[in-house]
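As structure tokens, the structure follows; a few thoughts come after it.
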């Protein structure tokens, strides 16, 4: 080849094509997908919790996308829920689907584990409720005080996992994160399922 | 769905028609002529058959035995020196980010099996350290070292001194500021939240600006080229130059792609950074260095042409295999799987060229550090790409997706392939720029064995862990916690491998600093061409 322009134009043309098929077309198709009526918008607090989830990189170990049982039945059998559909993510900016399952899928964690206290204990020290877990503790989302104020949410850690003396209260950030986790409940019926059959191969 | 499929069919039809027209045009305009001559453009007259290997100890050198050959070799010295300031700043920054990035990687690895390790502060929590590792090694180390090597090779490929050096230097400064601000933002919890795109979009502008400034000297130099044929490496570099800004811009435009569409754009971008940015840089460098050190042109220039265009066509559409089984249309996933499997075509053509050129000369990797790193990198490119094609198959992906297997695969690509080639390139380039020998041969050897054994332990342990983890996850009878516990010994082995790699990087960086501070022995004047036998030519 001798022409610089031919190479650069050719390269640009091919990428343009890929953009058309992998960005524009999915965008058009998925924007037209129905949003399930059961999907609730996030509250202000849940959105703040979502930012905490992002800031501390929860998505590097937890996915939010159960797969179709006809493809990977383990996802359903573990109680992670029905396969997700594009409409489930209509309020998600950005998506937090994740690519790792070092920890379990969280698409329906709010339904599976609806206790606020459980989440607070688990975040402060995962070992307290899940002995042998490799999830890091998020102690920085809590504060250790002598005496909790009237508006503080006190966390009662089971011994020996608590701080010993004084009281443990959760920060605004920590409370928001738990609110977000509890909002992860997609057990409502979904109108469309994109994966009708898995038989292409 | 039907209109979508119809649209796909129309596009496919248009594409094949355009492809056919391009083929007819290229044959009629003789684009394919002089193939093997084009493969020889990297040699000066009379140089073919002589090895150029600046990192070797052998001091005898070929400096040209005719007047024309001597002039050509002096011209190349001028070309090498022309790129010196630009290349040095990009490479030095890259080496610095390698150290930082791998330090964060090791830290993240330790935290994975020792969750209490440095767990008290949000600045060191796993979820911030891990993306800092990724972004430091991708945008700091790999991209900067790649650009540095390209800036060095471009004057040689176009046989003219580098023009517009100040642009490249300014570009490097802005790029570095971008990496610093980006990593800082992740550390402060201001990540954009999508893998490979964590840097806040406000910081991304700096990369666009830095990259654009860097493109100026490449294009200026290209415009003044004195070669008729563009060598294979230059196609890859020119294409990467077009692709990266395009990709980076679309993927980082904020608030355009919601939810599930965001996920497709995210993975379309993330895999294209590998396929259309770092891969062309890595392959392009290998296409130059392997034949140069062997003193023998690549075996099939025509094949390299097929390899290049098929890479462009197939690699650009593989990204959605990261969402197999995910909440996106099936046709989209299938399209990416088909393209992932088709990727074996460019991979095999490149493999034939790289390894075919090496055929019969494998003994040379014993004495040449550059060749050892670069060829092993090229070999790992073949391995990781074929593995990637397999991993895109639904039957394999259902096991490997969401597991450590993917992480092992990513490191086979980004490290054993790309970083090895970049190490080799730096061993080749530095003596040319500083007119010094590498001070200690043993340190190169130590660097090699540390990183080679390190990545081997890393890859084997995580691949095993990932496969077992994947099989266990599919069977709900195995409790989740049991799977987590099962992977821990492998995660510890990964930390060991990672520790060896970091140790290797420290050796490499120390050596690099000595080289920069001009502590090596002076080379014998403009000693540019070396031969294996003690051939004395004056």
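Glycine residues also receive a Cβ, built from the backbone N, Cα and C atoms like all the rest.
The domain 'Cytochrome oxidase subunit I profile' annotation in TrEMBL covers B:1-538.
If you look up TrEMBL, you'll see B:6-27 (among others) marked as transmembrane segment.
Under the heading region 'Disordered', TrEMBL lists B:44-64.
According to TrEMBL, the feature compositional bias 'Basic and acidic residues' maps to B:47-64.
The list of residues near the transmembrane segment (B:86-112) in space but at least 6 beyond its ends in sequence, with Cβ under 8 angstroms from a Cβ of it, reads 118-119, 124, 126, 129-130, 132-133, 136-137, 139-145, 147-149, 151-152, 162, 165, 168-169, 172-173, 175-176, 179, 183, 217, 419, 422, 426, 429-430, 433, 491, 494-495, 498-499, 501-502, 505-506, 508-509, 512, 516. As annotated by TrEMBL, transmembrane segment applies to B:86-112 (among others).
Among the features that TrEMBL reports, transmembrane segment is placed at B:132-154 (among others).
Residues or ranges marked as transmembrane segment by TrEMBL: B:166-185 (among others).
Note on the transmembrane segment (B:205-223): residues 86, 139, 147, 150-151, 154-155, 158, 160-165, 167-168, 170-175, 177-178, 181, 199, 234, 237-238, 241, 244-245, 248-249 of its chain, located 6 or more positions outside it, place their CB under 8 angstroms from a CB of the stretch. The transmembrane segment annotation in TrEMBL covers B:205-223 (among others).
Sequence-distant neighbours of the transmembrane segment (B:235-253) (same chain, 6+ residues past either end, Cβ-Cβ under 8 Å): 150, 153-154, 157, 192, 197, 201, 204, 207-208, 211-212, 215, 218, 222, 265-266, 268-269, 272-273, 276-277, 280-281, 283-284, 287, 308, 312. The transmembrane segment annotation in TrEMBL covers B:235-253 (among others).
TrEMBL lists B:273-291 (among others) with the feature transmembrane segment. Taking Cβ pairs closer than 8 Å, the transmembrane segment (B:273-291) reaches residues 39, 42, 138, 142-143, 146-147, 149-150, 153, 156-157, 196, 231-237, 239-240, 243-244, 247, 297-298, 304, 311-312, 315-316, 318, 350, 353-354, 357-358, 370-371, 374-375, 377-378, 381, 413-414, 417-418, 421-422, 424-425, 428 in its own chain, all 6 or more past its ends.
Non-local neighbours of the transmembrane segment (B:303-324) in the same chain are 32, 232, 235-236, 239, 263-264, 267-272, 275-276, 279-280, 283, 287, 332-333, 335-337, 339-340, 342-343, 345-346, 349-350, 352-353, 388, 391-392, 394, 397-398, 401; each lies 6+ residues outside the stretch with a CB under 8 Å from one of its CB atoms. TrEMBL lists B:303-324 (among others) with the feature transmembrane segment.
Feature annotation from TrEMBL assigns transmembrane segment to B:330-352 (among others).
Within the same chain, residues 279, 282-283, 285-286, 289-290, 293, 318, 321, 324, 336-337, 340-341, 343-344, 347-348, 350-351, 354-355, 358, 365, 400, 405-406, 409, 412-413, 416-421, 423-425, 427-428, 448, 452 sit at least 6 positions outside the transmembrane segment (B:373-393) and bring their C-beta atoms closer than 8 Å to a C-beta of that stretch. Look at TrEMBL and you will find B:373-393 (among others) tagged as transmembrane segment.
As annotated by TrEMBL, transmembrane segment applies to B:413-434 (among others).
Sequence-remote contacts of a segment are chain residues at least 6 beyond its ends whose Cβ falls under 8 Å from one of its Cβ atoms, and for the transmembrane segment (B:496-516) they are 88, 92, 95-96, 98-99, 102-103, 105-106, 109, 415, 423, 426, 430, 434, 436, 438-440, 443-444, 446-451, 453-459, 461. Under the heading transmembrane segment, TrEMBL lists B:496-516 (among others).
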Revision key, fill the gap. Among B:166-185, B:330-352, B:413-434, the most Cβ pairs under 8 Å with the transmembrane segment (B:132-154) come from B:413-434
Point to revise | Distant-in-sequence neighbours of the transmembrane segment (B:413-434), which means Cβ under 8 A and at least six residues beyond its ends | key: 53-55, 80-81, 83-84, 87-88, 91, 94-95, 98, 137-138, 141-142, 145-146, 148-149, 152, 274, 278-279, 281-282, 285-286, 289, 293, 369-374, 376-378, 380-381, 383-385, 388, 444, 447, 451, 455, 458-459, 501, 508, 512, 515-516, 518, 520, 523, 528
